[in-house]
Structure formats: structure tokens, C-alpha cells
């Protein structure tokens with residue numbers, strides 16, 4: 001049981017007249033409904049990290065000497081210390097010498113946490129499992145109490161094996177991301193120690209001072225977004241070319257690709273032009289392009305210029321100056337770096353060096369104009385931002401069409417008058433550490449006679465006998481293929497990507513050779529980047545708001561097979577909340593949660609168990625004695641809030657809150673042997689409906705979103721749980737007796753080989769069925785969709801619709817509702833019905 005004075009030890013150790021730490025006397029009001037989490041980097045007698053989880057009105061706290069680690073193989077000692085007040089999660093400052101914990105403190109990470117089991121029980125038993133949703137740490141974690149001796153309880157902090165885990169030798173989050181998430185501070189080193197370079201805010205009005213010449217500066221990369229963000233931004237045209245960094249030392253010029261390959265010898269005219277700037281120690285950043293007759297960048301022409309030795313046609317459009325004449329400008333504001341660069345290039349209109357001008361138009365108008373002109377899109381850069389050698393939310397790109405690089409995995413032979421190749425087979429690597437190569441479709445248009453010949457010549461030496469793909473697509477999709485080693489990239493535009501990750505209406509634009517094939521994992525538009533200074537309003541980076549709920553990590557993939565993000569899932573639930581709430585609003589709700597997406601661990605949750613979701617209702621504990629409260633979802637806010645906390649599926653009881661002891665429906669879940677053809681499922685559904693017709697009961701149909709069909713039979717609230725379940729079981733057994741070759745009334749895979757199990761078990765008290773219009777946690781994110789009985793013969797599968805194709809389904813219905821008569825259906829179980837089933 002929580003202490004009546006949980007902060008007594010905290011207060012005893014501190015003199016709040018001297019220390020800036022919060023006293024905790026005024027409890028922090030919780031407006032989000034989320035449980036807070038934070039990690040503070042504390043430079044006390046020894047540098048360590050304080051790990052804190054909100055519970056029962058305080059922050060449970062552990063000192064982690066070596067800090068958190070994303071590697072599940074690494075256990076980090078965590079010494080439990082006194083509880084801290086909730087306000088401490090925002091504390092940054094310097095604790096004076098001579099006081100407890102003297103030294104500097106920054107907020108290294110913060111966000112929300114979700115217990116995966118009862119957290120009080122976990123703390124008592126010594127094993128707390130939870131999910132983090134922070135700016136740096138996320139996914140599932142464990143705190144495990146040890147038997148190590150010490151003055152204080154000693155635990156291990158361990159990362160679980162999930163999609164957020166990373167091996168320590170590949171990524172050390174403490175070294176890679178050392179700074180504050182609250183203020184962009186870094187801890188200063190003690191005397192005689194070296195500090196990790198900090199990601200400081202950009203400076204205005206002064207340079208970085210004379211510093212050693214960097215051997216290499218990796219370029220800053222832009223993040224793909226769907227719409228222009230708010231805030232102060234400068235926009236330029238997006239150039240369809242090759243990224244190039246220029247290093248000038250003692251007047252000697254080197255031209256380097258984004259991966260550090262030296263292209264100086266390939267571009268002597270640019271080497272000469274850059275030398276003509278008279279620079280001695282500088283780095284410049286820009287893009288190689290070739291312009292067509294109308295002055296537009298032409299990627300195919302750029303390739304041809306390299307292939308045909310006509311490099312003099314290549315222009316170098318410069319847009320940044322990260323290092324200038326011995327001064328490191330990476331921490332200087334964007335507009336000041338660009339002003340210096342523009343001055344360098346002034347008056348060189350006939351030169352192959354050009355300046356990428358800032359365009360003053362509204363970004364939406366600018367993008368529309370760029371698209372009309374056939375350009376690739378626009379680039380936005382946040383005013384005041386520093387130059388960072390990584391993909392950044394300070395640089396964004398808005399594209400006119402879906403266009404990206406793909407790995408060529410094979411080609412088909414030409415037909416008819418076409419020569420050299422028919423089509424290219426394309427692949428993309430998975431973004432995880434396993435880097436699996438998956439099939440992404442074909443491209444057969446956009447080629448010229450010359451490019452067909454060139455592509456064939458490039459691919460023939462790469463020919464191999466077997467497919468390089470992790471999963472070979474069916475021959476009907478690919479035809480006869482010559483597979484190749486996955487080394488060559490091409491750039492392709494396309495109209496859409498299907499839920500299976502296959503591109504449609506693809507157009508070839510050229511081969512690429514400026515990056516390794518294994519880097520090509522595909523792009524997915526992100527939400528607008530956060531405003532500078534907006535961190536205090538948000539518990540995590542890269543957030544978006546949907547139905548009034550802030551979505552953390554909006555671009556986290558819920559289903560990599562269709563590149564479906566957490567934000568897309570949240571937006572689906574906001575858009576179709578009215579449909580979902582018809583089933584959810586008046587019933588206890590259970591959740592299927594997958595914080596790491598469908599590929600991670602999934603768990604079923606029917607009780608609150610300290611889970612806080614904005615807008616969700618915790619029901620009277622007396623409804624389910626001996627357990628935490630049941631859950632109820634009444635609003636779009638609660639629905640989207642559940643998605644924010646990792647929920648994917650929503651299940652409901654067969655009784656409403658009007659009378660939880662009297663079910664108002666029963667469900668027959670037709671669950672097939674996976675090997676059965678779909679036709680057998682349709683026949684089984686019709687046979688089950690026929691039996692219900694004979695009994696005088698009307699059923700309403702929906703696809704399960706999985707493999708089977710659900711038949712929902714409304715009832716007047718006259719029967720108890722046992723009576724309803726017994727009746728549903730009688731139907732199941734009756735079908736199995738009549739047609740034992742088709743139906744089974746016994747659960748378990750062994751009992752439904754070649755058959756369909758008529759699952760009646762969902763009719764027990766506390767059992768539940770996936771709600772109508774709920775997404776399923778399966779590949780493709782299918783949806784459980786109501787259908788008319790007359791549509792049965794035309795159904796193609798139980799997973800026919802998913803979160804992206806449901807809008808088309810609803811448009812086709814044009815307002816017709818397959819369940820329009822559901823609420824008005826009045827029927828009950830009679831003695832005559834029982835006798836028909838042999839239960840008289």
C-alpha cells in the first residue's frame with residue numbers, strides 16, 4: 001500500500017531554501033491522463049542517469065550508473081532511491097555544492113509509460129514490465145530486482161527484444177543523443193574531462209570561431225512530410241540530381257558524394273570553378289543537376305551526361321556553407337550561413353556554380369507551381385536552425401509525386417518489338433537490423449531505347465540463378481525472371497503502393513549510383529515537424545494531434561508490410577469513430593495492444609490496471625469483482641487515446657451496461673481450418689444462416705478481418721449468460737451432428753482439420769468479440785466489416801477490406817447500412833427452439 005507521506009524521505013534530504021529542486025508541496029495536476037516517465041542525466045559525485053516512472057502520485061526512481069541501453073543483452077544496474085515529486089520530471093538546473101545530489105541535472109528523455117501488468121504487484125514481486133513512449137527510449141522494458149546486497153534495493157534495467165532494440169556495438173543511445181530534450185542543454189565537463197559535443201541551438205550574429213578543418217562533414221538530410229508545417233521556414237526548389245559535398249583545403253578541391261566517394265576526376269569543370277572562388281579552408285553543400293531546354297532539372301539527362309562523358313553540362317547548385325575559411329558554421333543559424341554562401345557566388349551567372357535561391361511564395365502555392373512545371377517538389381528549412389549531419393526535422397521535403405529509389409532484383413525478357421528488357425523487378429530492404437529484401441513490384445514504362453540497352457548491359461554481369469528476395473513472389477506476378485545481385489539502384493515514380501507494398505503505375509527515371517543498395521528502405525510521409533520551443537507542450541518528439549489527442553512517434557510503423565504508421569491508424573479511428581462507437585459506446589471494451597506494431601508482442605487487456613487513456617471511462621469495480629475496473633469507450637478522444645497507448649483491436653462484450661447480467665446478443669464465430677478454400681467458408685455461412693432461419697432468428701453478418709465470418713444474433717435482455725451460451729453451443733453441436741464432414745463443435749486445431757469450428761465460446765460472461773469496423777492486428781491491417789446477406793457470394797475473403805480500402809467500401813454503400821435493422825430486431829430464445837436443437 002502506498003505510504004501516506006511518500007515524499008517524506010525526499011524532503012528530509014533537501015533544504016528547499018537553498019536548492020532549486022521542486023518541493024512537491026503543490027501536487028502537479030494531471031491533465032493528460034498519461035503516466036509520466038523521464039530520465040535525468042545527473043552530474044553528481046559520479047555521472048549517472050535517474051530513471052523515473054509516475055505511480056500513485058509520485059515518481060518511482062532508480063539511479064542507473066551507466067545509463068539505459070537499447071541492447072537486450074545488456075543489463076544495467078538500477079539502484080532504487082526515494083520517490084520524487086511529479087514536478088521533478090521537468091527539473092533542470094544546478095544543485096549547489098554541499099547539498100544532497102550536488103551537480104548539474106538535465107532532462108535527457110521524457111514521455112509516457114504504460115505498465116504491461118499490475119505495476120504495484122510488479123514492484124512488490126520484483127519484476128516490473130512496461131512500455132516506454134519517450135523521445136529517445138521506446139518499446140518494452142523490464143525492471144528486475146536482484147539479490148545483490150546493498151543499502152538500497154538493487155534492480156536491473158533491461159530492454160526487451162522488440163522492434164526498438166538495437167545492439168550496443170551498432171548504436172549507443174547515450175553517446176549518439178547526449179543532450180537535453182527539454183532545453184537542448186548538455187552537461188559541461190568537469191575539469192580535465194572531455195565533453196561529448198552537444199547539439200546546441202544555432203547561434204546568431206557570430207561565427208563558430210577558428211577551428212580545425214573537418215576531414216568529413218556528412219550532409220544534412222530532409223525528412224519527407226505531407227504538408228507544410230507551421231512556423232518560420234525558408235523554401236527552395238527540390239532538385240532532381242545527385243547530392244555533392246565540396247571540401248577545399250589550401251585551394252585543393254575534392255568533390256565527395258553523400259557517402260564519401262570521390263568524384264573529383266569525373267567533374268573537372270566543377271573542380272576548376274570551385275578553385276576559382278579563392279577559398280582555402282571550406283566545405284560547401286549542394287546538388288548536381290542538368291537542366292532541360294525549359295530550365296528544369298532532368299535526372300535522366302544527368303545520368304546521360306555521366307555515361308556519355310559530357311560532364312560540362314552538369315551544374316552544381318549550392319545551398320549551404322557548413323564550414324567557411326576556418327570557421328565552423330554548423331552551429332550558426334541557417335539564414336546567416338546562406339547569406340555568406342550567396343555573397344560568395346554573387347556575379348557568377350555564367351559559371352557552373354549556382355545558388356539555390358529562397359522563394360518567397362506561400363509553400364502550398366509554391367508546391368502547386370512546382371508540380372505543374374513537372375518538378376520534383378520543394379525543400380523547406382527551418383529558420384534559425386543549425387546544420388546537423390543526419391536526417392533532420394529542420395529540413396523537410398514536399399514531393400509532387402511518389403518517387404524514390406528501388407533495388408533492382410531482376411528483369412524479364414522483352415516481347416514484341418521491344419528490345420533488351422521487358423520490365424525491371426524491384427525490391428526494398430526492411431528498415432530493421434535484419435535488412436530483409438522484399439519484393440516491391442515491377443516497372444516497365446519510362447524507358448528509352450538507349451536506357452533499355454544501358455540497363456541490360458549494367459545488369460547482365462550481375463545475373464544469378466536464385467532470387468535475392470526474402471520471399472519470392474508468385475510466377476503469375478513476375479513471369480519468367482532473370483534474377484540479379486541486388487547492387488544496382490533505380491529511381492521510379494509511381495501512383496500508389498498497395499497494402500502489400502507493391503507499387504502501381506510505375507515509371508522509370510534512371511539508374512542511381514550515389515548510395516549503397518542496402519540503404520534503400522523506402523520513404524513514408526511524416527507529419528509536420530514540431531515547432532521549435534514546442535517541447536514543453538509535448539511529452540515526446542515528433543508528435544501529431546488527432547481528435548484532440550497528441551500522438552507520440554506518429555511515424556512508428558504499425559504494419560511494415562504496407563508502411564502503415566501509428567498516425568495513420570489514429571487518423572482512421574478519428575475518421576470512423578461514429579461507426580466504431582455504435583458497438584463500443586454502451587459495452588465493456590477489451591483491447592488488443594501492440595506497442596511495437598503487429599510484428600511485436602501483442603497482449604489482450606480488459607481491465608484498467610493503472611492504464612490511463614485520455615477520455616476512457618473506468619467502470620464500477622463491482623461489475624467484475626476482484627479485478628481492476630473494466631473499460632468503456634464513449635468518445636473519439638478515448639478511441640484515439642487508446643491507439644496512442646498502443647491499441648490496435650477493440651473487442652466488446654455481448655451485454656450492454658444497461659444490464660451486464662443479461663446478454664443482448666450471441667455470436668457464432670465461424671473459424672476455419674486455414675487450408676480450406678474460401679468457398680467452403682461461404683457455404684458454411686449460408687448453412688448456418690439457414691439453420692437460424694429455421695429457428696426463427698435473424699442474424700447480422702460481418703467479416704472477421706481474419707479468416708472467418710461472424711454471425712451476430714440480437715436478443716431481448718431476458719436470458720442469463722449460461723442460458724445463452726448453452727443455446728449457442730447447441731447450435732454448434734447441431735451443425736456438427738448434421739454435417740460432421742463440414743463442421744466441428746470442439747475447439748482446437750486438431751478438431752477442425754478440413755472443417756470449420758462453430759465457436760460458441762465467445763458467449764461466456766467476460767468473453768468478447770472484435771467490434772464492427774475494428775482494425776485487426778494482422779498483416780495488411782484488415783478491418784472487420786458488416787455485410788449484407790445478399791453480398792455473401794461476392795465476398796473474396798474475410799480480410800477483403802483494410803483501413804485504406806474501407807473508404808471505397810463505404811462509398812459503394814452510398815449510405816446503405818447492412819445493420820440498419822439491428823437495433824430494432826426483437827427476438828428471444830424459446831423452448832421450441834431448444835427442442836429443435838435437441839435440448840428440450
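Note: Cβ is positioned from N, Cα and C throughout, glycine not excepted.
Lifted from Swiss-Prot, the feature list:
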- 238: active site, N6-AMP-lysine intermediate (ACT_SITE)
- 42, 48, 50: Mn(2+) 1 binding site (BINDING)
- 240, 376: Mn(2+) 2 binding site (BINDING)
- 604, 651, 671, 704, 705, 706, 707, 708, 709, 710, 768, 776, 777, 778: ATP binding site (BINDING)
- 669, 759: Mn(2+) 4 binding site (BINDING)
- 669, 671: Mn(2+) 3 binding site (BINDING)
- 536-546: compositional bias 'Low complexity' (COMPBIAS)
- 1-32: region 'Disordered' (REGION)
- 7-162: region '3'-phosphoesterase domain (PE)' (REGION)
- 189-211: region 'Disordered' (REGION)
- 219-521: region 'Ligase domain (Lig)' (REGION)
- 514-546: region 'Disordered' (REGION)
- 549-793: region 'DNA repair polymerase domain (Pol)' (REGION)
- 84: site 'Transition state stabilizer' (SITE)
*Taking just the CA atoms, what is the gap between residue 709 (ATP binding site) and residue 84 (site 'Transition state stabilizer') in Å?*
52
*Just checking the recorded positions 48, 50, 84, 240, 376, 669: which sit within 10 A of residue 768 (ATP binding site), CA to CA?*
none
*asked:* Can you tell me how many other Cβ atoms are located within 10 Å of the Cβ belonging to residue 671 (ATP binding site)?
replied: 22
_Test of understanding: give the count of other CB atoms lying within 10 angstroms of the CB of residue 709 (ATP binding site)._
26
*Show, in sequence order, which residues other than 42, 48, 50 on the same chain lie with their Cβ within 8 Å of the centre of the Cβ atoms of the Mn(2+) 1 site.*
40, 41, 44, 47, 49, 63, 64, 105
*Among the binding-site residues 42, 604, 671, whose Cα is within 10 A of the Cα of residue 759 (Mn(2+) 4 binding site)?*
671
_Rounded Cα separation (Å) that holds between residue 238 (active site, N6-AMP-lysine intermediate) and residue 669 (Mn(2+) 4 binding site)_ = 53
*Among 48, 238, the one of these recorded positions whose Cβ has the fewest neighbouring Cβ atoms within 10 Å*: 48
*Using Cα coordinates, what distance in whole Å links residue 84 (site 'Transition state stabilizer') and residue 707 (ATP binding site)?*
50
*Output, ordered by sequence, the same-chain residues six or more apart from residue 777 (ATP binding site) with a CB under 8 Å from its CB, or 'none'.*
592, 594, 598, 602, 648, 649
_Could you check which of the binding-site residues 48, 604, 669, 705, 707 is the closest Cα neighbour of residue 376 (Mn(2+) 2 binding site)?_
705
*Which three-state DSSP class does residue 376 (Mn(2+) 2 binding site) fall into?*
coil
*Using residue 240 (Mn(2+) 2 binding site) as the reference point, find which of the binding-site residues 50, 705, 707 has the shortest Cα-to-Cα distance to it.*
705
